[in-house]
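Annotated features in TrEMBL:
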type	residues	note
BINDING	GLY11, SER12, GLY13, LYS14, THR15, THR16	ATP binding site
Amino acid sequence: MYKVGITGGIGSGKTTVCKVFEVLGIPVFYADIEAKNIMVKDLLLIEGVKSTFGKESYFENGKLNNKYIAGIVFNNEAELAKLNALVHPAVFRAFDTWETQINSNTPYILKEAALLFESGSYKMCNTSILVTAPLNTKLKRVMQRDNVAAEQVKAIMDKQMSDQDKSKMANYFINNDEEHSVIEQVLALHKQFLEVAANLQI
Ligand code: ATP
């Protein structure tokens, strides 16, 4: 099945864009939501986390000890890389399972991931979209959505790969600023993907 990866920095509006694709009937795999689910579901991942970070990574009732893990990986690149090396392959497995459940008449599918490029996930997609918005717009939207301070959002932004670097790797772009219509841009891309997917099936 034709796979489209979609990404963007915090607050760029990638989830919002995906919701528009969903309205058009396109199934979306939300990698970041799935990553949270599998932390307590994927046995291979759970074992990996326990053996890497210790049994304290999970409570007796099987719940993830978020505070403990965050304390280890926060501001520690090496430990974060270890966690990602466990989580990313597990998300890939979850995506493969999800894909097998998609109706075979579906023209194409979307994979939404904040770390599409960083995780190597884009290599498993046929093409990719980068959602962009001006920094101040992103900041304002996240502050409003999460009710958090600007500094908190900026700290996350500073740790993310820049849009400039991401744009070198992306095939398509959606400008989600306050002037352009997201719906029109999604419709235009949808039309293109339908054509590409139809040609692939010939
Ligand atoms: P994150 O990386 O934090 O998951 P995201 O890239 O998925 O963020 P969204 O959650 O889709 O971003 O959007 C951030 C906020 O901005 C949401 O509250 C959303 O409703 C709002 N938003 C997104 N696009 C627009 C738009 N074009 N106009 C107005 N508000 C928007």
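Cβ coordinates come from backbone N, Cα and C, glycine included.
Taking a C-beta cut-off of under 8 angstroms and a sequence separation of 6 or more, SER12 (ATP binding site) has the following same-chain neighbours: VAL131, THR132, ALA133, LYS138, ASN176. Using the Cβ center of GLY11, SER12, GLY13, LYS14, THR15, THR16 for ATP, the list of other same-chain residues with Cβ within 8 Å runs, in sequence order, GLY8, VAL17, VAL131, ALA133, ARG141, ASN176. The Cβ of GLY11 (ATP binding site) lies under 8 Å from the Cβ of ALA133, THR137, LYS138, LEU139, ARG141, VAL142, ARG145, VAL153, each of which sits 6+ residues away along the same chain. Fewest Cβ neighbours within 10 Å among the binding-site residues GLY13, THR16: this applies to THR16.
Between the candidate binding-site residues, LYS14, THR15, the densest Cβ environment within 10 Å is the one around LYS14.
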